């Protein structure tokens, strides 16, 4: 629709009315908050369906860029950015639970005035798609949490100044995180490189002019109004390393979540880089319908993410951004689902589930995957875990639960019983056959294991750890004390060898065998593979055959649908994401180092562009290297030829003066389209 006069728009923006549906949704939000405060072991949503077979509603799948949004202001690296926030957009026509089957869309306001940001236009901007899924639990869309404003002029928005060292903001006032490299004017390190050594400084950033323009159209009726409840990225940080620099206490590690840390940092960075941000929610394994049946079991979460992607493809002509450049991002189970999304584009196995929900009739393929600590390949994860940790009998076990959409972790120390050690031996013996069946190669060499679990694949994993250690030493040689790492050898400034068995003893196991398919049906993964009537099921033959309780086996087809390894081959190339960035911390014990390694190799061997590394001294976590992540995204999405003028949003207002982005006006602040140095494109890193 055409935009109306500025005076009318200002008045409409001030009233910001969503009509009767807003009141109804506020009541729903209140009920949802009460539910969240009481949920520990269950997620009974206030919008739960009557049964696991109930699909209701008739939501429109047409996106209107000039309706149902608010304006929000965020501050990134000291720069104010105005965005349109379209929140709680239901992405299927007949959802089971619209609380989860919805997404939040954030678009820089500059694109509605024909401006470029960081070399991107309204047509070419990639879509950054982070999810908040942890533990295969249900997740609502992540909220940007910007300041609601009634202006499109960033100079009219005032944020409180950052606190002085040792000071905190008054309650309720937003603060700023410590200055990052980008804030200090430094070029971010190339992907695969460590940040500059302590004390190094970059050039001061140039003054940046923020985008300005006319006031936008107000939100109209029709879509679900803003929801007060928001999802958060799970606090999945494991314990840090037991050792710090000599003479110093252990330091907080990259990736650990600190109290008060901004969990939307990646979203804000993406918007500052000129990307569209879309965060989808998804159903999860703990959801119960009103009749007590279950409606979030596998494959619900991946079906929901696919439906969200289909919505973006279906609306590509009217929605800013390029739906052919979607980059999925997630951590832990969210990383696994991002990988699964990237590997299964347009696969027919998911079609009946998507039709049930009334998903858009469009592609669900994506362009790229950023997966941190992916808990994937679940039907082979038990064997892979014992291949690495067999013989390591002391453990610090973990229990994952959900409280107010935050993943809660509690730990218990112990020692494996004789029976558990026997299970470990049996599971380890299963791994070589599986690994060898994959026919993986690196640099033309077959990667295999003998019956004892030794061989070229084991050496390859050790070499990837060696590369990680070398990068850390090269970045901070004075802070790298080899005595703290008895499993590696350092000579003449070069890490010459890594002993994987000693590494496993040093890092210690975290899970008792079987790590994923519990013989007593007690794991989150047993819960994931339940069905509408059965809460927990086995999903591996070994666990089913050795079960300690009365049990049933998950549908093998559903097990397959949750594992990307089954879908990665050259014949499915149009449906598999072209670009992959996989990170797993060297301190991450939530799954075996073999799991992300096999995923990366399988992709590489089938011709996909893979950037895979072990992140040094990093626990189970994600989004800990945002400068490198976004440098990688820019490298794979920047247009190589001259950018064409915008063609979308034909109904945007005519520019009026420099403040509206007229010719000759300053471009919105940012990197002005200068591409970063080429990041490494293979798993070998840099």
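Glycine is treated like the rest: Cβ placed from N, Cα and C.
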Given ranges 593-639, 640-686, the stretch to which TrEMBL attaches the annotation region 'Disordered': 640-686
Region 'Disordered' range according to TrEMBL, out of 23-49, 50-76: 23-49
Tally of residues which DSSP labels helix, strand or coil - the domain 'BD-FAE-like' (265-385): 52 helix, 20 strand, 49 coil
Model confidence over the domain 'BD-FAE-like' (265-385), averaged pLDDT: 98
